[in-house]
Structure formats: C-alpha cells, structure tokens
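Right, one structure below, let's go through it.
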Amino acid sequence: CLEQEPTCPEPLKGAEAERKGGKADEGCSKANVQSESEKEWSRAQIWPITAEWNETTGQLLALLSHLTGITVLQLYRDKVSPLLPCLAIQHLYFGQKLPKVQAAGILFNKNFGQHILKNPLIIQGMVDKSALRPTDVCLEVGPGTGNMTVKLLERVKKVIACEIDPRLVAELQKRVQGTHFQSKLQIMIGDILKTDLPFFDICVANIPYQISSPLVFKLLLHRPFFRCAVLMFQREFAQRLVAKPGDKMYCRLSINTQLLARVDLLMKVGKNNFRPPPKVESSVVRIEPRNPPPPVNFKEWDGLTRIAFNRKNKTLGAAFKQSLVLDILKRNHSIFCSLMNISVPEDFDIKQTVGVVLKKGNWETRRARTMDIDDFLTLLCDFNEQKIHFS
C-alpha cells in the first residue's frame, strides 16, 4: 500500500468538494453520511476505525505525509499512532486546524510544561555538577523522552523517573528496552505532587516550571534527608531562591527555602536549548538540605513570614496593625491558652500585646526585605514568649 500515489480517498474528495461549495458525487455523498454515534467522536477517537481501515492505510499515510512533512516511510517504520491519521481526517472533513507535529511524532503538551532539554552539553553539565556516586538512587521528575535519564543510568545504581504523560512513559520504556539499563530504571506514572516520594539519595531533573514552588518544599520536607538536588527552574524563580536580604528579588520564598537548605546558582540556560523552546530563560540551581534541620516549627515560621512579606516594603509596625492579622493572632492565642489550661485575663488586648513585642526588639521600624533568618527567628521567639503563635 506504500507504493500508491499520494492521492486522497474518494470520500475525502467528496468532502473537499462540499467544503469548497461544489457538489460532490453521489457515491461520495453517501460515503459522507455518518451515524449519530460516529459524529460523537472525542479527542482520543476522532474517526471510527472500521474493517476498511487497512484498505486505505496507504492513502491516509500519504495524506498525513503531505500535511505534516514527515515521509511516508518514516511514518510506517515508526508505527505511527492511529491518532495522527485521525487528525488528518479531522482537518479535511471538519476544516479544523491541524496541530504542529514534531519530527519524532510526539505532540508535546504545554499544559504539563513539556519542554525537552535537547542540548547534550547542558545535560552533561547538570550530571557532572550533581557529584553522583555509583551507589546512589536518583530521582528524576519529568524525564520526557529520556535524554537525561540515559546519562543518569550510566552513573548511578538506580533511577526513579516520575512522569505524568503515558505517551512519554512509553517512549522512555522503548528507549531502554533490551539494554542493560532496563533493570536500573523504575518509572512512576502520576502527579509528583500527589505521590508519596520513595527513598532517594539525589534528585536531578528538568522540572515543569508551574510546579516549581510546591515541588521544592515537598522535597525539603521529605524524610529521610537526601544529599542534594540539581534542578532546572525559570530564571526569575531561581533568582528568588538565591536572593539575599536587601535584594530586589528577596521574598518569602527566599527566606523559607534558605531556612531549610543551602541554595546555589550553578548555570544559566537559554531558551533555545529546549524543544519546543519556552518563552522564558532558565537556570540550574543546587539545593542541599540542612541536616539536622533548624529547631523551629515550620508552620509557625511560615505564618510569621506570610504576614511580614505580604507587603515587604512596609514596616512591621504597619503590617501587624491590620485588623485581619490581629483577629488571627487573637484566635491563635485563645486556642493555645485553652490547650495549655492557661486562663486569659478579661482585659486582654491583643493589639497592646503585639505592640509590646514589637517595641521590645525595635521591630516596629524594621522592614521584611532587610531582615535575615536570624532576625525572624528572634522575632518569632519574642512572640512565643507572649503566648502569641502563628499556627
């Protein structure tokens, strides 16, 4: 069937004639009559696969080759999914725009942040800076087509790859099938944020940028501790991770991350090193968790920094005078006193108590953007001494 001329099947000619305003042949018109069940096609099954499918395979491949620019032999050799010919029929019958098809036959889903790192030098640089050991168990989030996975398999004992897209899981399995890497690769299918992380020594990944913040804190709160993580982030996000007090990019993300880990910027990566290229520049960051962690309740810490960095250029005196903040602190104070069987005076004034704490350490005129970790730890202790908590 591959030797046939790249012409459209007769039903396609009739549909094309009707679309252009002309009259189709009687036979074509009958072929175009669809039942109600055939009209209810979905994205996964746009055109019903019938017994006549094999008879028109050659013509469909020729048509698809004309629309996508991929050769017929390549389409046939790669055993292209029936979804692609269905898209071609959808394009001609219903006049809908045909999506851009990559050379490998994979339609990358930008909703999942699928931007494949294609530069082997960048991949090798990330692997080298990870200081991998032959006995390590490595976690990779979003392996994609496996460009980095193969490099990791060469250096470590085991790779645990977490991928949400079943199409890319099949591509990754096909890449290692029949090699000595197959037994070293474990694939977890699903959302990494909703999955319980297994034990791992190190994490190396080009992650989807939309899950950057929740993934960082999921890793930092994971137990047992891992040695380090080398991750690809959007450049602005990476700059916030490493920002210092007084910097323009310094924010709650900066101080919360630096409380739990040491963060270093390793390299900058241009958008042209990805396929398809994203709209933003990228950077590689190394994160080393602090072991042991600081002796502080992270929920309380996060509550304090959330209030202080709500408007990081405002003074703490102004931030803690807001009625909503005072109501939250009063409720937390009442809950704490009830749990500890401490009586609350009838004339207790939360606003006055907060003012005493702020004046004690001259915090009223301080601004969150200029305060470091030690400053916030001291401020949290001052509040806790007055039985004021943030969680």
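Positions of Cβ are set from backbone N, Cα and C atoms, glycine also.
Taken from TrEMBL, the feature S-adenosyl-L-methionine binding site applies to H115, L117, G142, E163, D191, N206. Under the heading compositional bias 'Basic and acidic residues', TrEMBL lists 13-28. Per TrEMBL, domain 'Ribosomal RNA adenine methylase transferase N-terminal' is recorded for 122-291. The region 'Disordered' annotation in TrEMBL covers 1-36.
Locations of recorded TrEMBL features on the structure.
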residue	record	Cβ neighbours (10 Å)
H115	S-adenosyl-L-methionine binding site	24
L117	S-adenosyl-L-methionine binding site	21
G142	S-adenosyl-L-methionine binding site	25
E163	S-adenosyl-L-methionine binding site	24
D191	S-adenosyl-L-methionine binding site	11
N206	S-adenosyl-L-methionine binding site	28
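Here the binding residues for S-adenosyl-L-methionine are H115, L117, G142, E163, D191, N206. Their largest Cα to Cα distance works out to 20 Å. Across the residues of the domain 'Ribosomal RNA adenine methylase transferase N-terminal' (122-291), the predicted structure has a mean pLDDT of 96.
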